[in-house]
Amino acid sequence: MDKLPPSMRKRLYSLPQQVGAKAWIMDEEEDAEEEGAGGRQDPRRRSIRLRPLPSPSPSPSAAAAAAGGAESRGAALGGAADGEGPARGAAKSSTNGDCRRFRGSLASLGSRGGGGGGGSTGGGSHGHLHDSAEERRLIAEGDASPGEDRTPPGLAAEPERPGAPAPPAASPPQVPSSCGEQRPADAAVKVEGGAAAGDQILPEAEARLGQAGFMQRQFGAMLQPGVNKFSLRMFGSQKAVEREQERVKSAGFWIIHPYSDFRFYWDLTMLLLMVGNLIIIPVGITFFKDENTTPWIVFNVVSDTFFLIDLVLNFRTGIVVEDNTDIILDPRRIKMKYLKSWFVVDFVSSIPVDYIFLIVETRIDSEVYKTARALRIVRFTKILSLLRLLRLSRLIRYIHQWEEIFHMTYDLASAVVRIVNLIGMMLLLCHWDGCLQFLVPMLQDFPDDCWVSLNNMVNNSWGKQYSYALFKAMSHMLCIGYGRQAPMGMSDVWLTMLSMIVGATCYAMFIGHATALIQSLDSSRRQYQEKYKQVEQYMSFHKLPPDTRQRIHDYYEHRYQGKMFDEESILGELSEPLREEIINFNCRKLVASMPLFANADPNFVTSMLTKLRFEVFQPGDYIIREGTIGKKMYFIQHGVVSVLTKGNKETKLADGSYFGEICLLTRGRRTASVRADTYCRLYSLSVDNFNEVLEEYPMMRRAFETVALDRLDRIGKKNSILLHKVQHDLSSGVSNYQENAIVQRIVQHDREMAHCARRAQATTPVAPAIWTPLIQAPLQAAAATTSVAIALTHHPRLPAAIFRPPPGPTTLGSLGAGQTPRHLRRLQSLAPSAPSPASPASSPSQPDTPSSASLHVQPLPGCSTPAGLGSLLPTAGSPPAPTPPTTAGAAGFSHFHRALGGSLSSSDSPLLTPMQSAARSPQQPPPPPGAPAGLGLLEHFLPPPARSPTSSPGQLGQPPGELSPGLGSGPPGTPETPPRQPERLPFAAGASAGASPVAFSPRGGPSPPGHSPGTPRTFPSAPPRASGSHGSLLLPPASSPPPPPPPPAPQRRATPPLAPGRLSQDLKLISASQPALPQDGAQTLRRASPHSSSGESVAALPPFPRAPGRPPGAGPGQHVTLTLPRKASSGSLPPPLSLFGPRAAPAGGPRLTAAPQREPGAKSEPVRSKLPSNL
């Protein structure tokens, strides 16, 4: 009740309580005994008993109370019929159920009851009086100690004025009967004593009594255990502490609890006093001859007084029984137990020797006594004073108690406290031993063979004597010598041996405690070292290779980080709320970095985290292998992993992502392999726990299924089970709009994280700056993209702004606001294929080279053609169109004009605006009316005209107006001009994450046996996806005879001619570390795109002729199909050359042609553009 707030206590006091008469009312004999004894009551009673103060004038009510009549305790309040009868003592039932007597006039009692005080006697029903002043006093003084008597509060609240008439009462006052007993109506008691009677309680007396009660309550509370951290740990709860307080109250008067505040401060005082005594007394006895000084006597007298008081308090202090952790509070048991344990030692150490000497000196004042004391009693007094050193036992007991207090209250390591105590005890023993080394020779009057006489230190100062004595004692105790010299006398020899024994014992104890302390400070690291020693012995026993041993060592370092502990057993011993709190704290970074958890229900996150298991993987470890049965899914806390498929498609996942959930959802086999690229710290979730959690949260199951479908779509795979589930959920309307938005947000976050992981893992090549959107776009569908970008960098009339990175936060920002990563992935051109067994690519050390000189590109079956290139390909039955000679050099560039020119000229990107403005400068003549639209930018990249001294007729460019709509296609039936110069053509290629199979067929010769022009041999490729086909960059046909030469093109003054080989040299700078191609064949090129894992491009491979007319091994009309390799190491890349340089199309060389090869009667498939509109 002491710790309850005032409002709560007021509510408790105001509650009506129906308490039985036997519980709270004394019988008549007890009442008589109480009044006869002056109001004393049993201290073991817990109810608040209040007695009235004696009235100044004799009152019949007091006599009636002494007689013990029942009417004087509980009769209803009544008065005489005429209103002026004398008042008698009336009993009133207070709101807390206690019976308190009130004295006063009828008017005052009636006013407290809320009614009048006169009239006839009437029986009162059982009601309750409501007096705010009385309630406030009851609350203030309700917590009385068991043995105190107090005046009932509220009596002197309203003193009556003498002679004041009683106000008339409308009805008789209804006073509740005594403590719940219903009195009959005729049990009226005559009330005597009017208003003039001076029987009111004075406020001063009440204040004095209240102050005395307050001090007694405060001092009583000091003897009880307080509600603090130490007591709560000892007893378990605040309720148990309150029960212990009640035990102290009921145990008797002046019983001190061992965990009370008073005992705490008393023990602290005695601890300091004992330390002072144990240090000062040996020095005073040994080195000071005059012991009659005032400071010395005062110190001894005060010390003896405190120790005597402590001896008395030990008889009233509870004793803690260490066997059953019970506390003895019975005074008789405390006395018997203390007499049997430490009483004798404490009494001997507390004998007041100085008190005895002072009493004797005051009574016997003679010179004979003083001389006798100085000569004979001095040795006895010194030896008797040594008994005070037995107080060391109290010091040890108090220190042991304080060790427990520090260990339980402040969580200090008990080993540290023990080390400090051990050091203090060693220093104290050294101090005593030093004093003893000087005291023994002094008691012998310094013989000649003692160390003091040999060193001539008899008459030196006490400081010098103490220093040499302490040095001699510590030399003995540490066993390092005998001091300045070896002992000579017999007493010195025995003292030296005693010092050695004590010192060796203390030294051994110190070493043992120090070792335990060091081991306990870092036990987890010691366990790790012991465990790793076992691992090393295991590796040595099995003779594991050094690289495996190093991997095992690295694994242990990253997994345990030098500390080993059983985390599962630790968490299993904790309560469930504490376990969840610790797991949430350990996985806070995982939750913060994972969009799946950030948008999920907190209960789902907690349920998922409590079932996770921590694992560590090294770089190169396959966490999941394709085709195996999945039993776990993984959440990435730190690290980067690669998701690999059989098509060699790779996806990066980084911190905050997860994988392996597809087989857990479909109960099938793994659809991809996952390899760790760095050290990965993962959390795994078993399939049973996964399904258990998702059964409770169906919305999160739909999110997992949707993300799994999106990931399968990104790697080119499908799953009918997941697709059916998702479509069923969407059609049935299970989820609402908010849940669908959360699922879409989770899918979008997963795509962005995969894109960021690819960017983080990509290495930036050392190359000249090129147009960033062309490189960082997730789509590089043509080999000429690299050539166009390089041409952009060398064009002198383009502004420098286009060579800077786009201003958006991400690379995808330059691709258009409406294009999401999903749309871009669906627009990518992919063509995975397997290399031929006969191809040189089967050997990793050999380059992949084509075996034909004149190659022809054809699409594979089932693959659609980009829309931008659809107009370049004639149908199966149409003859090829003739190509003018003037446009032959720009044939390769014309393909890109058709595919990209329109979108470049019509793009709204801010980066392309200066390009369009620069395309139409005032120095250029306007294009003819028949020129196709969209050539403002690309016309600057045409080679210089025939007037250049380093250019040939095959390298001439022409204005936009002279470019035919067919982009190098002439009238049908025109024969093709054969090549005349046997010069090798340069070779340009573009690369991305994958390579597409390209079918090349030479023109102009008969096919060899086993081959036909209509059905060229192709290698197998992956089936097309629903989201898009794998297309190839096709070159326009050039098999028809050349048309008559057109008129020469006018010279363009605004565009300076490019230097010979300039673009080729610049391309060589980009990949200078790549070796040259072999002379007998061309090598395919594949370079991994740093920003896209799914986009693929095709290299346009020009022929490498060996003879002027025909390449060796290839006849007219022979078709040769080549497959670009999947991977090409950095050492197998050819030196890149430009298609548009001076050596791009030499006169007389074989012309690179391309035409779609279809079977007879095959219908042309509709083509769709796979290029983004703003590229």
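Start at 1 and count along the chain as shown; that gives each residue its number.
Cβ atoms here come from the backbone N, Cα and C positions, even for glycine.
The feature topological domain 'Cytoplasmic' is assigned by Swiss-Prot to 1-259 (among others).
Taken from Swiss-Prot, the feature compositional bias 'Acidic residues' covers 26-36.
Under the heading compositional bias 'Low complexity', Swiss-Prot lists 60-75 (among others).
Annotated compositional bias 'Gly residues' per Swiss-Prot: 111-126, in sequence order.
According to Swiss-Prot, the compositional bias 'Basic and acidic residues' annotation covers 128-140.
If you look up Swiss-Prot, you'll see 162-175 (among others) marked as compositional bias 'Pro residues'.
Taken from Swiss-Prot, the feature topological domain 'Extracellular' covers 289-292 (among others).
The feature topological domain 'Cytoplasmic' is assigned by Swiss-Prot to 317-329 (among others), with a curator's inference given as support.
Swiss-Prot lists 353-374 (among others) with the feature topological domain 'Extracellular', giving a curator's inference as the kind of evidence.
Here the topological domain 'Extracellular' (445-449) has long-range neighbours at 458, 488-489, 492, meaning same-chain residues at least 6 beyond its ends whose C-beta is under 8 angstroms from one of its own. Residues annotated as topological domain 'Extracellular' in Swiss-Prot: 445-449 (among others).
Residues or ranges marked as intramembrane segment in Swiss-Prot: 450-478.
Panel annotation: around the topological domain 'Extracellular' (479-488), residues 449-451, 454-455, 468, 471-472, 495-496, 500, 503-504, 507 of the same chain, lying at least six beyond its termini, place a Cβ under 8 Å from a Cβ of the stretch. The topological domain 'Extracellular' annotation in Swiss-Prot covers 479-488 (among others), and the record cites a curator's inference as its basis.
According to Swiss-Prot, the feature topological domain 'Cytoplasmic' maps to 522-1175 (among others), an assignment based on a curator's inference.
The annotation 3',5'-cyclic GMP binding site is assigned in Swiss-Prot to Tyr560, Lys563, Phe565, Glu567. In this structure, Glu567 (3',5'-cyclic GMP binding site) is part of a helix by DSSP. Here the Cβ of Glu567 (3',5'-cyclic GMP binding site) has 12 other Cβ atoms within 10 Å, regardless of which shown protein chain they belong to.
Per Swiss-Prot, the feature 3',5'-cyclic AMP binding site maps to Gly660, Glu661, Cys663, Arg670, Thr671, Val674, Arg711. Thr671 (3',5'-cyclic AMP binding site) falls outside any helix or strand according to DSSP and counts as coil. Other Cβ atoms within 10 Å of the Cβ of Thr671 (3',5'-cyclic AMP binding site) number 22 in total over all chains.
If you look up Swiss-Prot, you'll see 839-854 (among others) marked as compositional bias 'Low complexity'.
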With the cut-off set at 10 Å between Cβ atoms, which of these binding-site residues ends up with the most neighbours? Options: Lys563, Arg670, Arg711.
Arg711
Non-site residues, in chain order, whose CB comes within 8 A of the mean position of the CB atoms of Tyr560, Lys563, Phe565, Glu567 at 3',5'-cyclic GMP:
Ser524, Tyr528, Gln561, Met564, Asp566
Cα-Cα distance maximum in Å, computed over every pair in Gly660, Glu661, Cys663, Arg670, Thr671, Val674, Arg711 that the record assigns to 3',5'-cyclic AMP:
13
Highest CB neighbour count within 10 A among the binding-site residues Tyr560, Phe565?
Tyr560
Rounded to the nearest angstrom, how far is the Cα of Lys563 (3',5'-cyclic GMP binding site) from the Cα of Thr671 (3',5'-cyclic AMP binding site)?
37
Quick check on the topological domain 'Extracellular' (445-449): DSSP residue counts for helix, strand, coil, in that order please.
0 helix, 0 strand, 5 coil
List the residues in the vicinity of the 3',5'-cyclic AMP site, defined as same-chain residues other than Gly660, Glu661, Cys663, Arg670, Thr671, Val674, Arg711 with C-beta within 8 angstroms of the site's C-beta centre.
Ile624, Gly630, Met633, Val643, Phe659, Ile662, Ala672, Ala708
Tell me which residues of the chain lie with their Cβ under 8 angstroms from that of Glu661 (3',5'-cyclic AMP binding site), as long as they are six or more apart in sequence?
Met633, Phe690, Phe704, Val707, Ala708
Counting only residues 6+ away in sequence within the same chain, which have a CB under 8 Å from the CB of Val674 (3',5'-cyclic AMP binding site)?
Tyr622, Ile623, Ile624, Tyr634, Val641, Ser642, Val643, Leu644, Leu653, Phe659, Gly660
